[in-house]
Amino acid sequence: MLLHVSTAPSDATFCAVIPCKRFAKERGLCLFHAAGAEASCLPYSSTTNVWQNLLQYLPKSSPESPVSPASTVSSPSSSNTMTMMRPNRKLCHIDDCNKRAKSGGLCIAHGGGKRCAIKGCMKSAKERGYCISHGGGKRCNADGCTKSALLGGFCAHHGGGRRCGEAKCSKYALSGGFCIAHGGGKRCKFEPCPKSAVSGGFCVAHGGGHRCAMPGCIKGAVTGGLCIKHGGGKKCLVTSCRKNARTKGYCFTHFKAMEVHGGIEL
């Protein structure tokens with residue numbers, strides 16, 4: 001059993017079991033390994049490091065053959081072995097799914113939890129009964145920002161959430177603890193496409209995500225359910241401009257003008 005040894009503040013965010021790259025949720029472990037330890041009746045102490053408890057009760061193994069959460073655990077005081085079984089009350093009932101269970105014993109992706117109050121929206125409901133896209137959940141604390149707040153009370157753009165595990169990278173971390181550029185998040189299922197996957201498991205170019213609502217158009221939809229060509233996406237902050245916003249709410253032309261002249265008339 002290999003365990004993370006904390007050498008930097010960022011290490012504490014990851015599961016103590018190596019090579020697990022999930023974020024720590026309970027007592028220094030991800031949900032999967034915490035559930036396995038609980039089912040094995042391993043004693044926890046609020047004043048003792050969790051990896052010390054695990055080293056005491058889990059059998060030794062080499063780096064080439066780390067102990068699986070489903071393997072047996074032997075107590076030093078007994079020859080009896082106990083099989084780690086994850087409790088259903090914490091993890092999704094769907095086989096091979098390690099996500100946290102919501103109402104009905106399922107994770108959000110498999111239908112658990114409440115749905116958004118907006119008709120036709122199947123996203124998970126946050127505070128006030130709406131999904132994040134429809135105004136649910138907490139908003140970023142930065143002045144004028146309406147994006148959803150992450151860890152720390154700010155959106156990813158304003159420094160909220162976890163940062164990429166790559167040295168000197170300040171981008172927002174996705175699954176695996178890294179940003180998209182450094183391998184975080186899910187990849188497109190179309191081989192050998194390295195792009196980030198959206199809904200459906202594919203990138204936008206290979207059919208993932210929502211399509212433009214304009215009949216006959218197969219381009220990816222942005223804000224408003226339309227592609228950029230058909231009017232989707234946010235518009236430039238300049239009232240008379242109908243171009244799409246690119247940088248800080250402005251189109252390329254007006255953003256450059258703002259940089260040169262120190263401001264433009266809205």
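Yeah, the Cβs are placed from backbone N, Cα and C, and that goes for glycine too.
So that you can see what the record holds, here are the features copied from TrEMBL:
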type     : residues : note
COMPBIAS : 61-79    : compositional bias 'Low complexity'
DOMAIN   : 90-112   : domain 'WRKY19-like zinc finger'
DOMAIN   : 113-136  : domain 'WRKY19-like zinc finger'
DOMAIN   : 137-160  : domain 'WRKY19-like zinc finger'
DOMAIN   : 161-184  : domain 'WRKY19-like zinc finger'
DOMAIN   : 185-208  : domain 'WRKY19-like zinc finger'
DOMAIN   : 209-232  : domain 'WRKY19-like zinc finger'
REGION   : 61-81    : region 'Disordered'
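When Cβ-Cβ distances below 8 Å are used as the criterion, the domain 'WRKY19-like zinc finger' (90-112) is approached by residues 22, 25, 30-32, 34-35, 124 of the same chain, each at least six residues removed from its ends. The predicted model assigns the domain 'WRKY19-like zinc finger' (90-112) a mean pLDDT of 81.
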